[in-house]
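Below: one structure, written as structure tokens.
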Amino acid sequence: MAADAHAPTASEYIVHHLQHLQNIKQKSIIDFSVVNLDSVAVSVILGVLGLFVMWLAARTATSGVPSRFQAAVEMLVEMVDNQAKANIHNAQSRKFIAPLALTVFVWIFLMNAMDLLPVDLLPVLWQVATGDSHAYLRVVPTADLSTTLGLSSAVLILCFVYSIKIKGLGGWAHELVTAPFGTSKNPVFALILGVVNLLMQIIEYVAKTVSHGMRLFGNMYAGELVFMLIALMGGAAAMSLSGVLLPVGHIIAGSIWAIFHILIITLQAFIFMMLTLIYLGQAHEAH
């Protein structure tokens, strides 16, 4: 055994669990050459799993008395469809947007639910599989800012697509320079208002996209940290003979937070889906 081998401190434990499995080592805060391989792999696997679950529900659906699984899926589909009708008034657009919203909800829920797994379970299995005791692995894709901003950026692109599709390229361009402050018959004032309106539109799009992704990331990142702290309580209990009640506190705290976190992961998936519908609905409206 190496002489410098030692059990990790609490800060080392947390820092290690916050490191991603990456294609290359990240050298700066913003580095687009870096790919978080764990986030990509887990999100793709969960996406396929979500598609399989919905396919299975459609495959096994019956017109008679539905099973509990079928009833749950039907309730989910009906909920999403009602929200889509409330926000997207174009029936043709809803044919794509409603299934998209359902996909977003199921996918994000599954990614959020990875936070309910024991903190060390998959990372330790990965270390055993690779033979590297210091291998990194994060299994909650939505606790990765690149994932959530990627999702919100995709929503932004769809907003652009539907703005052009519904209003035409000229109509959307006209809206960018005339809303929210309008225009003027005076060419000078019209130019000034056009620049101000365009800047306001850019700020609005950027703010909505960043807040859309940051809201999901912030909640899931905080939840991940809390689970790490609870796991540290268990580690402290194992190393302490005097802290008799610490293991009990670890179990109680972990159970309470897990139950509460089920609400959080569901609520965050719902909020992200609702904002997606709202933003796409706004893209259909004239300003």
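The backbone N, Cα and C atoms fix where each Cβ goes, glycine too.
Feature annotations, courtesy of Swiss-Prot:
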| type | residues | note |
| --- | --- | --- |
| TRANSMEM | 37-57 | transmembrane segment |
| TRANSMEM | 96-116 | transmembrane segment |
| TRANSMEM | 149-169 | transmembrane segment |
| TRANSMEM | 187-207 | transmembrane segment |
| TRANSMEM | 224-244 | transmembrane segment |
| TRANSMEM | 266-286 | transmembrane segment |
Fill in: Cβ contacts under 8 Å made by the transmembrane segment (96-116) with residues that lie 6+ beyond its boundaries
42-43, 46-47, 49-51, 53-54, 76-77, 80-81, 83-84, 88, 139-143, 147, 151, 158, 216, 220, 223-224, 227, 258, 261-262, 264-266, 268-270, 272-273, 276-277, 280
Worksheet item: In the same chain, who gets a Cβ under 8 Å from the transmembrane segment (187-207) while lying at least 6 residues past its ends?
Response: 156, 159, 176-181
Discussion item. Give the nonlocal contacts of the transmembrane segment (37-57) in its own chain as ranges (CB under 8 Å, at least six residues past its ends).
Written reply: 20-23, 69-70, 73, 102-103, 106-107, 110-111, 114, 136-141, 144, 146-147
Worksheet item: Hey, which bits of the same chain come close to the transmembrane segment (149-169), Cβ under 8 Å, at least six residues off its ends?
Response: 90, 93, 100, 104, 108, 175, 205, 208-210, 212-214, 216-217, 272, 275-276, 279-280, 282-284, 286
